[in-house]
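As given in TrEMBL:
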- 561-571: compositional bias 'Basic residues' (COMPBIAS)
- 628-644: compositional bias 'Basic residues' (COMPBIAS)
- 657-674: compositional bias 'Basic residues' (COMPBIAS)
- 169-355: domain 'OBG-type G' (DOMAIN)
- 560-674: region 'Disordered' (REGION)
Amino acid sequence: MVQYNFKKITVVPNGKDFIDIILSRTQRQTPTVVHKGYAISRLRQFYMRKVKYTQQNFHEKLSTIIDEFPRLDGIHPFYGDLLHVLYNKDHYKLALGQINTARNLISKISKDYVKLLKYGDSLYRCKCLKVAALGRMCTVIKRIAPSLAYLEQIRQHMARLPSIDPNTRTILICGYPNVGKSSFINKITRADVEVQPYAFTTKSLFVGHTDYKYLRYQVIDTPGILDRPFEDRNIIEMCSITALAHLRAAVMFFLDISGSCGYSIAQQAALFHSIKSLFLNKPLIIVCNKTDLQPLEGISEEDKKLVMEMKAEAMKTVIGQGGDPASDQGVLLTMSTLTEDGVIAVKNAACERLLDQRVEVKMKSKKINDCLNRFHVAIPKPRDQKERPPCIPQVVLEAKAKQAAEKEKRRTERDLENENGGAGVYSASLKKNYILANDEWKEDVMPEIIDGHNVYDFIDPDILQRLEELEREEGLRQAEEADDDFEMDGQELTPEEKQALAEIRRKKTLLIQEHRVKKSTAESRPIVPRKFDKDRKFTTHRMGRQLSFLGLDPSLAINRARSKSRGRKRERSSERGANGGGDAMDMDVDTPNKKLRLRSSSRSRSTSRPPGEIVPGEGFKDSSQRVKAVKLAKKSAMKRNKNARRGEADRVIPTLKPKHLFSGKRSIGKTQRR
């Protein structure tokens, strides 16, 4: 678990933005309206509140900066030294100290001016004291503007640092520049470190993660180190030195035996001996890389001697951990990151060495004694020379044997499929599990049609009885039809009646067919009014001709159709007609006045229906019940109208917090009505 997350540090504003943020908040969160007519105590309280609020905001922001930045003395030594290498801890502590001093100065200024405001004797003097207090606070912030800018740069750089857990299983890769360290970490982890054919491609620490035996390992790629005095090394090299000095990890020293990195084996051996003090109490592995260009057996004797010396130094770490001094396995390994030959073997050896070392450290610690005291392994001692084998009942043995035999005998469909040609060749039989009297019947073919007859028609055992019932019912129906003489017999009709009957049946058939055609095209056929019907199929003249052709009198039918189709005109009521007629008789018919003529010939109007009158079909018993129903309907709509609802289905939720009540500055006084 990563203990340090520098990405959560709050952004540090510069001096100008810092002042704008605090003063803007003071202006928004404190009252802004004051009158000279207020009591002097109220004026003092008004300006004291502004000064105190500004001081509190400055104090909170500065305290957040001081608390969130890590303290170099309170974090892991690896991170402490790494921050010192990157940022110089003297400058870092000095910047934080100036922030702390500014916080204390602002608190002191606020305290002093609040005391002065307690004795302010006018609105003008209180306002001047407030302006002076806020001005001095802003001046203090302006003086620490360089420190704020420095801390913001540090925050941005720290947010880009890799998340390294100093206490987890770690593999550290070190060596000269351009010997294949980044290529190796790209092969065994998901890290994507830039690889270029020139030195110092990697300028900072890079982290990747790999798995071995279901455990997660942290792999750190360090920048290249040159063989020179400690004082002459730059920041990039010091990052590697810091990681080697403080991380408890398995160290893999990469050696380019081909010399393509630009440094000979002698120079790389000199670097190894100059930093070997950092390898104490850590598993050390010498990795000879780029064997595709130069195998280890092909180097010169002098170079091979130097490699053996480095191997001897690595063996000391094995002996220090309690390992076998005769076994040099996992100390000197060869590989090629280009062909990936031996890459996995090197990773496994490093993980195994690190795991053994961590287990050995835990076994030597005091905590292991607390755990061992909780365990007790009981080993029975033999009381005589007689052998006592375990006693298992015979029934249990037989049951186990039977169960094992059943497992061996049972063959699944998959086994049968594999034996008979596999998928697509073997077809499973669905009939082999049928329960029949004879197993030979399972694969018989069951016919469905025999001699043109359906087999299932003859399976029903009661079919003969049902057939007899149907025949009996059919005989009864035929007897009833013979007795009932509802249909007209053609022999009893005259030739004219037969001709009329045939014509009627033909017409009926044509009408049925025409109706079916209309019904099938009803959706797509346009609706044409009768006055635009050019065919004029259904008219009284046509009906008269047809009825006359059949020998019937069409006059009654035509008169009835005309009476049904004629609309009812609105008539003048008897009272209004009488009154209107009397008025018209009194006036002169030849009068030239147009208004009098219009007034005399007023249009007729039907009598309006009273409010309580019952209309058939409304469902009311009497007029009182109708009036009561109307009142209830109006009463139910009253609440809806008060809530400004459009109807019963209006479910709109209005704004619960109107902007004019819940925004802007809060005035002096109680706010319980908001």
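In case you wondered, yes, glycine gets a Cβ from its N, Cα and C as well.
Secondary structure of the compositional bias 'Basic residues' (628-644) per DSSP (helix as H, G, I; strand as E, B; remaining residues coil): 15 helix, 0 strand, 2 coil.
Remote same-chain partners of the compositional bias 'Basic residues' (628-644), defined as residues 6 or more beyond its termini with a Cβ less than 8 Å from a stretch Cβ, comprise 620, 650. Per-residue confidence over the domain 'OBG-type G' (169-355) averages 86 (mean pLDDT, predicted model).
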